[in-house]
Amino acid sequence: MNNEQKALFIIFGGTGDLAKRKLYPSLFRLYQKGYLQNKFAVIGTARREWSDEHYRNVVKESIKDLYLSEKVADDFVSHFYYQAHHVSDVEHYKTLQKLADELDKKYALCGNRLFYLAMSPRFFGEISRYLKTENIVTDHGYNRLIIEKPFGRDLASAQILNKEIEKYFPEESVFRIDHYLGKEMIQNISAIRFGNNIFSALWNNRYIDNIQITLSEALGVEERAGYYETAGALRDMVQNHILQIVALLTMNAPISFNDVDIRREKISALKALKVYSTPEEINENFVRGQYAGLGDMKGYREEKDTAEDSNIETFVAGKLYVDNMNFSDVPIYIRTGKRMAVKTTRIDIVFKQVPTNIFKDSGMQANMLTINVDPQEGLNLRINAKEVKPGFHTESINLSHLHDIETKENIPEAYEKLLLDALLGDATNFTHWEEVNYSWRFVDAIRHVWDLEPADFPNYLPGTMGPKCSDELLAKDGNHWEFNPVQ
Ligand SMILES: NC(=O)C1=CN([C@@H]2O[C@H](COP(=O)(O)OP(=O)(O)OC[C@H]3O[C@@H](n4cnc5c(N)ncnc54)[C@H](OP(=O)(O)O)[C@@H]3O)[C@@H](O)[C@H]2O)C=CC1
Ligand SMILES: O=C1O[C@H](COP(=O)(O)O)[C@@H](O)[C@H](O)[C@H]1O
């Protein structure tokens with residue numbers, strides 16, 4: 001079957017970190033798999049005055065671990081063109097338009113264009129406008145705008161940005177990237193929930209006791225402190241990745257598995273998020289942390305480009321509720337942070353205990369379904385069974401499936417999957433504006449209170465699972481974090 005796609009990619013921020021680390025390698029994998037063959041071209045733009053030759057060398061360097069044949073790599077990079085460009089200079093868009101039209105003819109691209117905005121969100125509105133007014137969007141073929149996070153820094157700024165973009169690109173042409181939606185096991189949530197009667201029957205407040213979502217990172221802020229100082233963990237991870245996972249876990253079954261039906265259900269789930277309104281409610285349900293230094297490891301406040309009295313959180317834990325028919329009263333505990341003990345993304349669904357323990361056995365544990373997203377990918381179901389010993393005692397055993405190394409190696413990287421979806425026009429794994437809207441509404445309430453109340457930072461050491469208040473949050477409810485690698 002010929003899967004070849006025809007398109008021109010214009011990457012704004014073509015010299016940047018994201019382009020080099022994620023976008024070029026992903027485009028190369030699509031080339032190796034035949035989704036991109038002869039009928040594609042890429043224009044990279046940024047302010048730096050690079051030649052095509054230099055740009056092609058940069059792209060080739062970014063894929064050096066992926067190719068075996070120089071010829072294949074050279075053929076691939078021959079499709080890349082560079083255009084020095086300042087986003088506010090209208091003349092540059094005129095040159096860009098000429099180049100885009102030339103390449104369209106040269107490669108027979110049928111007017112299909114993907115505009116990837118891999119740069120600061122403050123430029124998104126302006127770029128969208130010029131793309132339209134300078135006729136870089138075509139009137140034949142498709143025009144899709146791929147936008148990186150963060151989409152605004154609060155609800156008000158996101159609304160302004162959205163209004164600006166929607167003047168030039170209709171919602172169905174806007175592909176808001178959340179790379180967690182490209183992860184294999186995050187996409188697997190729907191298959192697990194809606195493809196198995198044993199789970200779909202139990203996936204509600206009658207059987208689920210609580211849900212725990214952990215996105216922990218071992219690294220600190222690295223080179224991105226400048227951005228992080230304006231964001232913090234709440235905006236950087238909760239507003240997007242975590243709330244997207246919450247939506248996938250708590251939405252009602254879509255009527256069919258397509259982008260419109262799925263996103264409709266996700267929007268409803270996010271709309272049903274209980275928004276905390278008072279400072280008391282927020283302090284009762286959300287806690288924050290900032291990492292201290294230890295040995296050679298700098299504390300957050302000592303990192304380059306951070307303020308020495310920074311009030312920015314590098315850790316968040318919280319309890320939230322989705323007030324719909326199936327999930328009201330199920331606490332959903334979330335946590336994320338930098339410089340924690342391990343890099344792990346996992347979801348634990350903790351089921352209620354059986355109504356009576358007829359075995360009078362104190363060792364019975366609640367059933368738990370764990371969805372391992374990263375670094376392991378797979379599932380684990382904890383059940384109780386008879387212990388293989390004389391007498392009758394129960395023990396917890398694990399039914400486990402982990403993708404083997406070969407399968408794991410063949411799983412496409414998140415950006416590769418999402419770029420292919422964008423090429424195919426499938427918006428299922430991109431965030432709809434209404435999802436962004438409800439996510440900010442929830443996050444803004446917390447941010448507002450935290451911005452008014454300085455925290456007692458730093459309050460956790462590198463290599464831990466965050467500050468003590470995170471454990472206390474669950475202990476108040478008689479619960480504990482099921483995943484605890486530092487016991
Ligand atoms: N890097 C990552 O891992 C992730 C990044 N993101 C998001 O992706 C976007 C890009 O991030 P990242 O690649 O890290 O950022 P970088 O700072 O590395 O890149 C920014 C790019 O924008 C260009 N640029 C800056 N100002 C202008 C201007 N006035 N006119 C034209 N070009 C300009 C820069 O090139 P030049 O200096 O040559 O002009 C550069 O190519 C951001 O929105 C970020 O939040 C999201 C998730 C992860
Ligand atoms: O979006 C972001 O995600 C990364 C973590 O992504 P992962 O795929 O490695 O889990 C995080 O480090 C970064 O701060 C944030 O902007």
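Note that Cβ sites are derived from N, Cα and C of the backbone, with glycine treated the same way.
Curation does not apply to TrEMBL; its annotations are automatic.
Computed from a predicted structure; not experimentally measured.
Here HIS241 (active site, proton acceptor) comes close to ASP178, TYR180, LEU215, THR336: these same-chain residues lie at least six apart in sequence, with C-beta atoms under 8 angstroms from its C-beta. According to TrEMBL, the feature active site, proton acceptor maps to HIS241.
Cβ neighbours of THR15 (NADP(+) binding site) (same chain, under 8 Å, six or more residues apart in sequence): GLY44, ALA46, ARG48, TRP50, VAL58. Look at TrEMBL and you will find GLY13, GLY14, THR15, GLY16, ASP17, LEU18, ALA19, LYS20, ARG47, LYS149 tagged as NADP(+) binding site.
Annotation comment: TrEMBL describes HIS179, LYS183, GLU217, ASP236, LYS338, LYS343 as substrate binding site. Of all Cβ atoms in the protein chains displayed, 23 besides its own lie within 10 Å of the Cβ of LYS183 (substrate binding site).
TrEMBL lists 10-188 with the feature domain 'Glucose-6-phosphate dehydrogenase NAD-binding'.
Residues or ranges marked as domain 'Glucose-6-phosphate dehydrogenase C-terminal' in TrEMBL: 191-482.
Ranking the binding-site residues GLY13, ASP17, ALA19, ARG47 by Cα distance from GLU217 (substrate binding site) puts ASP17 first. The binding-site residues shown are HIS179, LYS183, LYS343; of these, the one with its CA atom nearest the CA of ALA19 (NADP(+) binding site) is HIS179. Nearest neighbour of ASP236 (substrate binding site) by Cα distance, taken over the binding-site residues GLY13, ASP17, ARG47: ASP17. Fewest other C-beta atoms within 10 Å: among the binding-site residues ARG47, LYS338, that description fits ARG47. Between the farthest pair of Cα atoms in the NADP(+) binding residues (GLY13, GLY14, THR15, GLY16, ASP17, LEU18, ALA19, LYS20, ARG47, LYS149), the distance is 21 Å. Within the group of binding-site residues (ASP17, GLU217, ASP236), the Cβ with the highest number of other Cβ atoms inside 10 Å belongs to ASP236.
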